[in-house]
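In what follows, a structure is listed as structure tokens, so that the remarks can point back to it.
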Amino acid sequence: MVGLGAAAGMALGDPPADYASIAAVGLFVALMCVCIVVGHLLEENRWMNESTTALFIGLGTGAVILFASSGKHSRVLLFSEDLFFIYLLPPIIFNAGFQVKKKQFFRNFITITLFGAVGTLISFTVISLGALGLISRLDIGALELGDYLALGAIFSATDSVLSQDETPFLYSLVFGEGVVNDATSVVLFNAIQNFDLGNINTSKLLKFIGSFLYLFSTSTILGVAAGLLSAYIIKKLYFGRHSTDREVSIMMLMAYLSYMLAELLDLSGILTVFFCGIVMSHYTWHNVTESSRVTTKHAFATLSFIAETFLFLYVGMDALDIEKWKIVGQTYSPVKSVALSSTILALVLVARAAFVFPLSLLSNLTKKTPAGKISFKQQVIVWWAGLMRGAVSIALAYNKFTRSGHTQQPSNAIMITSTISVVLFSTIVFGLLTKPLIRLLIPPRHLSREPSALSEPSSPKSFLEHLAANSPGHPDLENGISLRRPASLRLLLVSPSQSVHHYWRKFDDGFMRPVFGGRGFVPFVPGSPTESSMPLLAGNEN
């Protein structure tokens, strides 16, 4: 009967089922449901979220599979860079840009850039030099200069678990730094892979720096261009008059296309899709119908949530792959493995401190009011919250030290296991203790007094909406100050943020919005969005 059923299925055109793949995917879907339920139940604790829960459940599932297979196999799905960089990372980064509280992000943009770009370069230098001086003495195998530099890039990529609602100021710093940091780490890693380390001179070093700046600028421009193109297309063609599905589809596809195009051009897809999300939330989102706004807001957030949960579950299960641990156990003593992981972790701690505190001091020198400065307690939280290492580090480590997810060289295998150990330890220990640390250093009664802590809805908001009015002296929606028109070059130097915002507002209202749409610049047609038709969502245009 089974054979007859299979034959009937083949006759009807059904392809032969790959039951192993179906079982693996089914297991992951079931475990993700468990992660969501357990994460929801633990939400009151506020020590754990779905991502941390997924990591624990992934570890537990991997242990069960390992036990059931008598220690012979524990890998359900092979860790794939394509799965991570092509399918899981884009929705996470795009939604980060689409939902980010842009007041905080752009108000602290200079500090974020300092931490994300300059800070990552400092961290890369400290970790690379430390690895070259310390790890080389552990005698773990034939590691070359490129391997030590790759370690610097791998462990410079950060992760964090701060809450956007509880600590908006700190979140904007750590989150914004994280996005720029991931892009910088990936760009550095790729540049090292393609750089001739055997013959380094001044001209090649300058060429390397120029290439780095080129990748950053072109990736950002590509993301902005993709976002503007989607806004222009939807504004001119009025997809909403015919189908909400078309509006939502064009937004999703244009966002994903920007990421893939950046990867095809050897640019930073992370930066591209992040700024594409920011531009889309500022222009495109205002050009669609009310139903499309609600749909895109929740669709992007849901895709990001599922991808992030799957990612941590995936990392947890892959951590107990017995193949690489056996190779390490047969070649190195447990003491040497622990020493390597501890050395890397110590370098991560020192490297982050090496740029957070000095760059915070430098940032504070540019602030004229105490409210905009980063206090020492806040600096400690920023330092601690960025100590986590996540899936970007694991993906880059697999890229460097494996071939198609496998490795037979002991030196490469121990680098993979050490990376996994650091990621697990930092996620569990640093991640779980971040919120208690915040409550210890900044008691709940002071969280509401944090700079710019006024509650902002997490839905897409107008890009620098607090600068939307053209009249001089328009009150800032968040801190009640007035933004006066710069009267001289001296004011531009003293208050660069207000001055730049003033001229950006004039340019945006005078040219950008009339061409690409946006709040208040969408002509009325039946079925199109208008300000009067959005009384509830208008309050979210922060």
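A Cβ is built for glycine as well, from the same backbone N, Cα and C atoms used for every other residue.
Automatic, uncurated: that is what TrEMBL annotation is.
Owing to the predicted nature of the structure, the values given are computational and were not obtained by experimental measurement.
Positions annotated as domain 'Cation/H+ exchanger transmembrane' by TrEMBL: 39-438.
The feature transmembrane segment is assigned by TrEMBL to 20-42 (among others).
What TrEMBL lists as transmembrane segment is 54-71 (among others).
Annotated transmembrane segment per TrEMBL: 83-100 (among others), in sequence order. Remote same-chain partners of the transmembrane segment (83-100), defined as residues 6 or more beyond its termini with a Cβ less than 8 Å from a stretch Cβ, comprise 172, 175-176, 179, 182, 255-256, 259-260, 263, 269-270, 273-278, 280-281, 285, 297, 300-301, 303-304, 307-308, 310-311, 314, 391-392, 395, 458-460.
Here TrEMBL flags 112-135 (among others) as transmembrane segment.
For 212-234 (among others), the entry in TrEMBL reads transmembrane segment. Beyond the transmembrane segment (212-234), the same-chain residues lying 6 or more positions past its ends with a Cβ under 8 Å from any Cβ of the stretch are 117, 183-184, 187-188, 191, 240, 247, 250-251, 254-255, 257-258, 261-262, 265-280, 282-284, 287-288, 515-518.
What TrEMBL lists as transmembrane segment is 255-280 (among others).
According to TrEMBL, the transmembrane segment annotation covers 300-317 (among others).
Sequence-distant contacts of the transmembrane segment (338-361) (same chain, six or more residues past either end, CB-CB distance under 8 Å): 111, 114-115, 118-119, 122-124, 126-127, 130-131, 134-135, 138, 140, 151, 155-156, 158, 374, 379, 382-383, 386-387, 389, 414, 418-419, 421-422, 425-426. The transmembrane segment feature in TrEMBL is assigned to 338-361 (among others).
What TrEMBL lists as transmembrane segment is 381-401 (among others).
Look at TrEMBL and you will find 413-433 (among others) tagged as transmembrane segment.
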